[in-house]
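This report concerns only the one structure given below.
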Amino acid sequence: MEGKTISLSFLFLSLFAIYVSSTSLQYQTLLLHSLPLTQLQSLDFDAQLLSGDGSDLDPDNTLSLQLHHVDLVSPSSFNATPHALFKLRLQRDAYRAKAISNLAAANATVGRRAGKPHAGGRDFSSSVVSGLSQGSGEYFTRIGVGTPPKYVYMVLDTGSDVVWIQCSPCKKCYTQSDPVFDPSKSSSFLGVACGSPLCRRLDSASCNRKKCLYQVSYGDGSFTVGDFSTETLSFRGTRVNNVALGCGHDNEGLFVGAAGLLGLGRGRLSFPTQAGRRFGRKFSYCLVDRSASSRPSYLVFGESAVSRTAVFTPLVNNPKLDTFFYVELTGISVGGARVPAIRPSLFKLDAAGDGGVIVDSGTSVTRLTRPAYVALRDAFRMGARDLKRAPDFSLFDTCFDLSGKTEVKVPTVVMHFRGADVSLPASNYLIPVDSDGTFCFAFAGTMSGLSIIGNIQQQGFRVVFDLAGSRLGFAPRGCA
């Protein structure tokens, strides 16, 4: 079987080579920006975002905040080079992608790093920042918790449902950039009663003195345990009351910097599901590359989240997994030519809930099933054969030495979804990995049947999650 697969791959590559030899490939210009020699800065958040009164609402009653590039810096990160931080980011990314794939294959409901939880109004938005300076590929959102609101950073994650935050008193808490939330100082904090309908939404609820307890365990061994409760969340001038969240007193593992997590998945305990009536079950974000852009990122909830320039693909339902945003990927083009070996069957979601393709804000590098990745990589190598190769870097096996250059021509890459063709900017697939001019092709293969569209490939797009319309959209140049 393995020999047959290799023969078929060789055949398809040969067909692509014939096409390349008889046709002019399409190229685009990549302006080269290596990782900066220093990219760490201390926590410094715009005070205006902490005290908004809603005066920034636009005429259609939408509240929108910019997503600022403020890196969360841990003491261990100050002496780390950009090269080392990026390598750490890829290592953490690998943990997450592997855990998501493993639990997806087991038909489990997953969260961040594949975590499993156990026991009408106006539009609004929140601030999101990059975790790059700590070697994290995740993005952080600034949210007020409690009454009066205490503003903290929380991980923004479309691959997770449960909202949770570290709480005092701590049995064991990791280091975060903001003071740990004290529920006793909030007038809106309310514990959830054991046996209540809300408590029963947890997969496996437990009780302590009639209080509902939660536990979220992640595939990398990280976990959070504490009281299941309801609390008010503030998004600038907009307050959302009675949000179910975990108040974690024991939080251990590979958590970095943020106070907790804002679950934006499709499950019944996610924030979009809980606040769906408030914003019509629509939200969007635009994530920019902190290392190469001064433009702001942002997160928007409500009707204004839907961009008029977006191309949409239908969301695919997986009855075995209600957390993830599944889409149908039908193929990929390189240099204007469809890669023959990348067939729709490689991304098929089967009746058992295995396989498929998800869009995830918390995974950095796009993972494709191994046969699809090999075909894509080989097609790109062929189109970029005039570029000087460099040694592999971490999980990247296609790297180039572009030192001394200010720009290069690279083959175009287009991802074909059902009903939507998404043409990637060159900076979304050939990225710097050091300060010396080394750039790598930012895709990776996976032995899992599940493919993941990561946030590097999403950068610069406004990604629209229209749950009411059961569709997901991409608006190019959406961060302007």
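Cβ atoms are placed via backbone N, Cα and C, with glycine included.
Across the domain 'Peptidase A1' (139-475), mean pLDDT in this model comes to 92. Sequence annotations record features per position, and here TrEMBL assigns domain 'Peptidase A1' to 139-475.
The active site annotation in TrEMBL covers Asp157 (among others).
Annotation comment: TrEMBL describes Asp360 (among others) as active site. Neighbour count (other Cβ atoms within 10 Å of the Cβ, all protein chains): 24 for Asp360 (active site).
Rounded to a whole number, the distance between the Cα atoms of Asp360 (active site) and Asp157 (active site) is 7 Å.
In the structure as shown, the Cβ atom of Asp157 (active site) sits within 10 Å of 28 other Cβ atoms.
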